[in-house]
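Read through the structure below, which is laid out as structure tokens, and then see the notes.
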Amino acid sequence: MAASARGSGRAPTRRLLVLLLLPLLWAPAGVRAGPEEDLSHRNQEPPAPAQQLQPQPAAVQGLEPARAEKGFTPAAPVHTNREDAATQANLGFIHAFVAAISVIIVSELGDKTFFIAAIMAMRYNRLTVLAGAMLALALMTCLSVLFGYATTVIPRVYTYYVSTALFAIFGIRMLREGLKMSPDEGQEELEEVQAELKKKDEEFQRTKLLNGPDVETGTSTAIPQKKWLHFISPIFVQALTLTFLAEWGDRSQLTTIVLAAREDPYGVAVGGTVGHCLCTGLAVIGGRMIAQKISVRTVTIIGGIVFLAFAFSALFISPESGF
């Protein structure tokens, strides 16, 4: 009985101990679990934003054709107008340069200014003659370009087709003149220039004699001269004036004016000056030999063909193209 009473007294005591230990065992687990959950939420970083440069998966790439079918088109590359304007300006300059140099060459070979430079180079210093002639031709080219550029106040459509008509008229006229010329046409113009230069030389020699001392009295009967003639060679002045007067109103001047009205003025100025330099250089270096070898008739016919070619090109090049 005593043993049973002891066992029955221990049973409630054990139950009481178990009930007291259960909260102690559960509380640490719950307290530890709570902070771990909070810390896990705190340490969890927000998702990184998707980078647009990363390659898209196949599933996303498969949507591109569908977007294109629905009207979504990729953005076209943007082209600036500066590159197009620069390219057009370069083409306009090159076209004007080629047109001017070709027209001047076919117009000046065998022309009066060509023979003036050739004959004067045979008598005087070649460098002086070349300098005087080139200065006159450069001045004439610049003036012609300014005259042609002044017409740009008129709408380009009108000046373009008027200049085309003038090219056609010049071409037909040169062809008619070339076909009617005799084979000795160049020799006749050469003799005419020689006679004119001979007359100028006689006047120059007469002026020198008048400025010299008198044989009987020993005094000089000097004619008053301009001071700048003492610093500039008379040969240079003669080449300058003869070339300028011969070129004024010539076919090459009219051609330069027409070209400057429809082409790039800078290209026309540079091309015309280079063309005159080539022709005058050949005349000064070659002299009479080139003058005798050149067939003025052939050069005139070729020039007429070149002028007609420029007129014919207007059928394929619009005035708005810029060249």
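Just so you know, glycine gets a Cβ as well, placed from its N, Cα and C.
With respect to the membrane, Thr87 and Glu203 are recorded by Swiss-Prot on different sides. Two recorded stretches are said to be in contact when at least 3 C-beta pairs lie under 8 angstroms, sequence spacing 6 or more; the transmembrane segment (127-147) and the transmembrane segment (299-319) fall short of this definition. Among 89-109, 152-172, 228-248, 89-109 has the largest number of CB pairs under 8 A with the transmembrane segment (267-287). The residues of the topological domain 'Cytoplasmic' (110-126), classed with DSSP into helix (H, G, I), strand (E, B) and coil, number 13 helix, 0 strand, 4 coil. Stretch with the most C-beta contacts under 8 angstroms to the transmembrane segment (299-319), considering only 89-109, 152-172, 228-248: 152-172. When Cβ-Cβ distances below 8 Å are used as the criterion, the transmembrane segment (152-172) is approached by residues 251, 254-255, 258-259, 261-262, 304-311, 314, 319-320 of the same chain, each at least six residues removed from its ends.
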